[in-house]
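Read through the structure below, which is laid out as structure tokens, and then see the notes.
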């Protein structure tokens, strides 16, 4: 493979990260606890004991309607008990921190809790009875596909806060937190469930010990909130699952409700700006041979770990291809995840579907982003990538190819190292806990 082509693949892989997500950690009553890092821990011989349930969704995939009667719907694919618990007082809050959630994956955010009736590290997940304590669905359906709870989660720095009911009896519980993506839900088994579970030790509280619903009976593939076309204007939306427990503290952790309503919070914009990086899509099975031209992406927001509570540095890299069919259009994206320390998350960029005009000019992919990548530098925090050590790249694709071909192996490796350092190490967003 030529140096130019190798460079193209390397830059594309570094710029695109996994399209779905998972909970990296939680903050319970102000204390941070690490979650299960599915992009690293499955490949470790001795993963740490964390509050998040272990699972095997290493492709960052989902559970669809065909899995609603299997154990996978409970806490995700092949989930096993967490070996630690987070302490939270009844009436307290739990903030769940996600990796960047894709904007196209609109849908409700739902929280359940189930008593372990003993040791949560050994409880049989199929016996857990889930009680819904929080739900948020369609916020504004006046313009398809609408504004959803998932959009509020994104605007809140990819996090969601749920209140533990104050009347709940003290003891060991499993919190089941879930996003249901509805972008393909117009077809049966098209909805995508992303359940995440964490162990809690609830203190104080009252005497309430409500009975619930076992995980394999929460949903059916034809439930009104599961089989739904979000690409038509919706006046209302029925959040799937059992009814909200009357002892729950609220109807939604980050605002929004089961029916459509206007909400200023729904249109709030994250304060952390995105970083432009070159995106050079590669040909894949089922995808058009015409390269996709990247369009300006939404602000990227990434979770962080408070100082002094850092999880081990992940080292695993995974790549997968996803093809999704929307009404009248097909979108194929190639995604690669680069894991790093929770305090230094990889820069994430989403490749949007090109318009007809963009497709006509798709051969100038690198040109459109060259000004943002005019060579990565070692200066931290610079969004332009300029500096005394920068090397200006050519501004047209043919010249760029010639430029890469002219590099020696050592020069190319140095350029690649600088690019990856700029993408992964220097471009860091931090978030303070409040």
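Going from the start of the chain as shown, residues are counted 1 onward.
Note: Cβ is positioned from N, Cα and C throughout, glycine not excepted.
What Swiss-Prot records for the Cu(2+) site is 20, 105, and among 173, 194, 219, 231 the residue it adds there is 194.
Taking all protein chains in view, 23 other C-beta atoms sit within 10 angstroms of the C-beta of residue 20 (Cu(2+) binding site). Counting in whole angstrom, residue 20 (Cu(2+) binding site) lies 15 from residue 157 (N-linked glycosylation site) by their C-alpha atoms. It is 197 that, of the disulfide-bonded residues 116, 197, has its Cβ surrounded by the most other Cβ atoms within 10 Å.
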